[in-house]
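Input: a single structure, listed below in C-alpha cells.
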Amino acid sequence: MENKNYANATLDDIVFEGRNREYGAYVLRQVYNKHVTRGLFIAIAVFILCLAAPVISKHLFPEEEVVQEIVTVDVNTLAEPPPIDKATPPPPPPPVEPPPPPVAKTIKFTPPVVKKDEEVRKEEVPDIDKIKEAQVDVKTQEGDPNAKPDLSGLEGNGNAVVQEVVEEEIFLAVEQPAEFPGGNAEMYKWLQKNIRYPDLARRSGIEGRVMVQFVVDQQGQISDINVLRDPGGGTKEEAIRVMKAMPKWTPPKQNGRSVKQRMVIPISFKLG
C-alpha cells in the first residue's frame, strides 16, 4: 500500500494488506460492530419484556373476582325450646347419722398423788369386786360393761395397730456377696464395652481410676451410687452413668435371706 493511502486506511486494512480478505478474521472484524449493536438491543428488549411481563399477564389473564354468598337466617323458623318442667324435685333425704356407741361402765380409780393434808379431799375408794366388773376411768358412770372405752380424748391412732418401722440394715460383708452376672471378668468386659471416654478427659490427656461406691438391694438393683475418688475431666459423671445402666446383679444373702450390701469397685480410664 502506498503512503498516500495509509491516511484513510483502517487498522484492518493495514493488518490484512496483501492477504486474502474474502473469509475468516477480516470478515468477522468488519461485521463485529454490527453484531454487538444488534445484541445490545436484543438484551434491552428482553430486559424490558421481563419487567413488563407481570403487567401484561394481569391484563391478558385477569383474576376472577370471588363473590361470597350471603346466607340469610330467618330466626322465626328456628325450633321452639323444650318446655320447662315446673315441678320442683323433692329435697334429698337428710343424712342418717349412725347411733352413738354404747357408753362403757367405768369406775373412777386414779393413781395416788402425794399432797399436803389440807389439800387432800376424801373420796370413797371403790370396792375391788366392782372394779373387776367395770373399766377403770377418771370418772364413775353407768353403762354397758362390755362396751369399749371412749379413747377420743387421748392422743394417738385410737384402736389402730401401731406398726413399727424397721430400717433395713446395709451389710458390708455377707456370707454370699452380690455378684455381676458371670463374675468380675464379665463385669469388666461389660464396662469396657459400654464406657464412653469423656471428651474433656481425652483432650486433656486425663487417665486414672474412679472409685465407685454403691448398694445392691434384695432384687439385685444398684442404688445409692457415690464416687469416692476420680481424676476429673468428666470421668465421675461417666462412671455414674454406666453404673446406672448396669444389669441386675445376683442379690447378696445373709443367713439364707436376701439383704442389702454396700460395695466399692474401681473403674479405670486409660487412653489407648
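Cβ from N, Cα, C; glycine included.
Unlike curated entries, TrEMBL annotations are predicted automatically.
Here TrEMBL flags 39-56 as transmembrane segment.
Residues annotated as region 'Disordered' in TrEMBL: 79-106.
Marked as compositional bias 'Pro residues' by TrEMBL: 80-103.
The feature domain 'TonB C-terminal' is assigned by TrEMBL to 182-272. If you take every residue in the domain 'TonB C-terminal' (182-272) and average the pLDDT, you get 93.
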Folded-back contacts onto the transmembrane segment (39-56), same chain, C-beta under 8 angstroms, at least six residues removed: none
Secondary structure composition of the domain 'TonB C-terminal' (182-272) [DSSP: H/G/I, E/B, coil]: 27 helix, 32 strand, 32 coil
